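Colleague: After the structure tokens below, expect a handful of questions from me.
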Amino acid sequence: MSQHKEVKLVTTHQMLAMKQRGEKISMLTAYDYSMAQILDGAGIDVLLVGDSASNVMAGHETTLPITLDQIIYHAQGVVRAVKRAFVVVDMPFGSYQGNSSEALRSAIRIMKESGGHGVKLEGGAEVKDSIIRILTAGIPVMGHLGLTPQSIYKFGTYTVRAKEEAEAQKLLEDARLLQEIGCFGLVLEKIPAALAKQVAEELTIPVIGIGAGRHVDGQVLVVHDMLGLTKEFKPRFLRRYAELHDIMTEAVQHYVADVKSREFPSEEEGY
Ligand code: KIV
């Protein structure tokens, strides 16, 4: 009989139990080995290899350009670093919409080639078939409703979603559907706090918010934003826990000055 290694990671079952006992779930994005090692070591519950890598790692204006190969590359580094956190990998735009066979193929590639623990994709009823197909392969799926950045050209802006009754109603129905078909969790992005509270109270699966208020089961932020690496991005929902842009600029300026003045390296720093 083969030996199975014990899973010591955060699991979907543990996340469910956290919701049930009222323990909030902490989630951050990560796109590389070094950062993931720090975040995992600091006790984060969930790491999201977000398609926001398209913005913060590659400098694109939107999340649309990132490819399956690129997200897998980012996820591989994150997975290598992780000892405890559950790693969710975003399915890139174009890798799952409108074709459930392709969605399944994309999700299998992500799981096989990156070693991630689950996938996340954007949308509700429109992507139902893709989600059901992915779930048949035993791959945990996380939903994402509200502001869904892969649809930015449909929305036209990054402002708060579901403020109007009709959109709020559709979001509620989509959230119920995602739970019903088997998603293990749901991200709600930039929607009114009262609506997010209603969803989190009604659903039994964990609901993680970004700009969705305090009455959800956990919070997610883009790590570059919460560490202050991105300087200009200052939405109301973002709390900066450090000012790394300033700290790094100062450190690099210091290094440049030391090299120019021959202060670095000293005799002791040579061989
Ligand atoms: O890609 C990402 O960073 C995300 C978060 C905003 C939830 O999907």
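Cβ coordinates come from backbone N, Cα and C, glycine included.
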Colleague: Please identify which of Lys19, Lys24, Lys120 is recorded by TrEMBL as part of the 3-methyl-2-oxobutanoate site containing Asp51, Ser52, Asp90.
Modeller: Lys120
Colleague: Ligand 1 is in the model; which of the binding-site residues Asp51, Ser52, Asp90, Glu122 have a C-beta less than 6 angstroms from one of its atoms?
Modeller: Asp51, Ser52, Asp90
Colleague: So the record assigns Asp51, Ser52, Asp90, Lys120 to 3-methyl-2-oxobutanoate. If I measure every Cα pair among those residues, what is the longest distance in angstrom, as a whole number?
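Modeller: So the maximum pairwise Cα distance among the 3-methyl-2-oxobutanoate binders is 13 Å.
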Colleague: From the centroid of the CB atoms of Asp51, Asp90, Glu122, the recorded Mg(2+) site, which same-chain residues not already listed sit within 8 A by their CB, in sequence order?
Modeller: Gly50, Ser52, Thr63, Met91, Pro92, Phe93, Lys120, Leu121, His144, Pro149, Gln150
Colleague: Which of the three DSSP states, helix, strand or coil, fits Lys120 (3-methyl-2-oxobutanoate binding site)?
Modeller: strand
Colleague: Is Asp90 (3-methyl-2-oxobutanoate binding site) helix, strand or coil when read with DSSP?
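Modeller: Asp90 (3-methyl-2-oxobutanoate binding site) sits in a strand per DSSP.
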